[in-house]
Amino acid sequence: MSINKRSKQGIDSPPVKTVGNIFDKVQLTKLLIHTLKELGYNNAAGALQEESGGVQVESNVVQRLFGYIKQGKYEVISFDLLNSLSLRVTNHDPANNGNVNRNFIDRNTSININDIISSDLNIAAVTANFDTQYKMFFDFYTNTTFNTVSLNRFRNILEIMILINKHFFVEMIYEVKDLPSAVLFLRSIIRKYLTLWDTVLTGLQTNIIDEDIVFTPEKVLRELSSILTMPEVTIKNNNRDNNNGNTGTNLWTGSVRSSRQELIDKISFYINPNDLVPQGRLIELLRQAIKYQRSCNSYNIFDDEIDVDFSQEDPVNLLQNNISDFERINFVEQKTLASNMDEIWYLEFSPNGKYLAAAIANSISDRKVIVYDVENDFSVFKILRGNSQCILYLSFSKDSKYLVTCPFNEHTNIYDITSEGETIELNADKGEPPQSSRRNSLESGKKEKTTIETQIIGPLDSFCIPNSSSKIQERSGSSMHSTGNETYNTSSPYSDTQSPSSAPDSTTSSRAATDNLIEQTENSLRSWCCDWFHTEKHSGKLVIGSPDRDVVIYDTNTRAIIYRFSQNWNLRSRRASTSVYRGSHGSDNSNPLRHSSRESQTGAVVNMLMDEQFPRIHDLKVSHDDNYLLLMTHQGTINVFNISNLPTNDELKGLGNSVLSNHYFKMETKLKIGKNITCISLPMPSCENYRRLSSLVLVNLQHNELQLWDYKENILIQKYFGQKQEQFIIRSCFGFDNKLVVSGSEDGKVYIWDRLKGNIIGVLMGHANDRLPTRSGSNARKFSKNCNVVGWSPTNKYMFASGGDDGLIKIWRVIKD
């Protein structure tokens, strides 16, 4: 007869659910004892261990090994001792993982080491012992028949021994300061272990090619050799890397006690958790639990790929579930800039975050670009004139000194926004061009006073992209498509019929080369997009793209075009056609039928290559390491070129202003989006997670959709829906440390998604309300309700801006409730 458990406890006692029904009681006890010791509660840990019947966090073998290390008794560490350890199944890189779980504990508590620490080393005895143990390692490896599992275990034991050898070598230099003995130990002992280690890795067919792996035979030897030549510099660089959060090897922490504890931490990653509770295990479990709790909330922008923030600014409450509600993050309008008389087509913050440039679709006056001073309450800092057409694109240089404007016509202006200029009057409420004023803006002190800066192009009023090979116009029969003059709709950069993604391309001429009529004209190429290079080696260079089938690299240092991608494209076609020609004139020319067939096939391929012109480019981006160039084409593809072999500024000094006609850039990938694309965006490099996200590109599609791609892997990662985009170019961006995707919309709203999950977390009524006309009478300007562009500050994760057809610029702030 079974006995009811509740009756044993008493009728009124609630049922008790023991931890043994959920978790292994011994494992949980080990975890508690280990955590109490980590937190410094050694007496409580001892009492729990005694009450539990002597449950040990470390096995006897582990205790012996760690005791020898703490006391510096390296001369008694043997192959047999290491071989008796119970090891993990998986392998680890101890140099990378040694500090992962200790960070939270080290910042808040001190870990007590009760063992006796001795810095007295018997160098001769230790050297002799390690030499003897090497022979045992070598004999065991030579006389044993291994399978993959057993060989992998031997590798782990050998790596533990190498870690101990390495640490002993470091102690001889930094603690004992016996450099001659250290040199002899490296040459006679460590080199032999490293050679055996490399042989074992070869037997496992382990090709160590990951640059992030620190603990490899080659890197260990290089590291120890550098210590011998420059011991102080090596340890200083190592400490600096660790303080900056970079992967370090913790060669020497400054004391014997802490350095030996670092060695124990590294060895711990090899030990079976049943024999040794991993360092910071409870903290890691809490992190995982909080990540899971936050991931269950669709309105939380927490990025699962980023570690939980345990900083004091955002403390985690362990006494309740950490699931945020809808109000955890909110977006509020901070300021409205209403000094513009026409639609806002483009916005961009300067890389230093001090300026906000806005492109105005102004058809009345010459005020096409206004630069706002972010740090001075967004007062007008500069007004850029000299653009006869509406501006489609803006781009700041890396140093925030220069600004490029791409108007609708052929002229591209480059401004130095730090130079002085003429003071003018800003009349926001009148539809008249601003008049020059002789009053000094410093004397008036009014916000409406601004200056017009000079351009850096020398004698030219504007920078045109001349087509050295002349513009190509194709004619098929009586049909002709000219790209010299195009009308446009002032309501937005492109209407449905004039958009670069939807306009008909009338270059579909006959395949026969004799049917193509190529005319030479002196018209310049239009520049509709641009981007600066970002690294110091390419400082002053920028890329300009054109819908007239060309992309050029311009160098402001020499004030010249140094490269044309259309020539690169033609070189590619010539290589292909030459290869086909050679293949068609091989052996077996005696057969006239076969020869005729080959000539016919060759002619068709050559004609096809001639027709395969360089695509029309409507947007482009340079990766922030300057290794890749992304070109958004009219055909609905994104062509990714590897430009890492572009000569640096120093290498170009000997070339003068000549074009790199023989240079060739390889196309790495082609993203076949398959739909009309309007623009592309890259993650912000100022964020900590940029390195992991550097290969992402955000793509705006004409049919109410955004897509996130990995352009290096050619993989579609995520899609975002909700905003409206059917007729006009709507520009988007990454935000809030690249955790958000933000876009404007043709309904005047700002849409915000979680980048990782793809769900909408905010919709802002930014430009959806009516704006009263700025003028009266028949010339009154009626504003529409498109939100054309959003831009996020690269230096302030809580601030972004939006611009719309209402002529307003809204400054938004992220509020964490």
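Quick reminder: no glycine exception, Cβ is built from N, Cα and C everywhere.
The compositional bias 'Basic and acidic residues' annotation in TrEMBL covers 440-451.
What TrEMBL records for 465-489 is compositional bias 'Polar residues'.
Annotation source TrEMBL lists compositional bias 'Low complexity' at 490-511.
Positions annotated as region 'Disordered' by TrEMBL: 427-451 (among others).
The region 'Disordered' feature in TrEMBL is assigned to 464-511 (among others).
Among the features that TrEMBL reports, region 'Disordered' is placed at 579-599 (among others).
Residues annotated as repeat 'WD' in TrEMBL: 737-754 (among others). When Cβ-Cβ distances below 8 Å are used as the criterion, the repeat 'WD' (737-754) is approached by residues 298, 300-303, 331, 683-684, 687-690, 693, 698, 700, 706, 708, 720, 722-728, 730-731, 760-769, 785-790, 792, 797, 800, 802-806, 810, 812 of the same chain, each at least six residues removed from its ends.
The feature repeat 'WD' is assigned by TrEMBL to 790-817 (among others). Note on the repeat 'WD' (790-817): its mean pLDDT in the predicted model is 92.
Residue counts of the repeat 'WD' (737-754) by helix, strand and coil are 0 helix, 10 strand, 8 coil (DSSP-based). Helix first, then strand, then coil: DSSP counts for the repeat 'WD' (790-817) stand at 0 helix, 17 strand, 11 coil.
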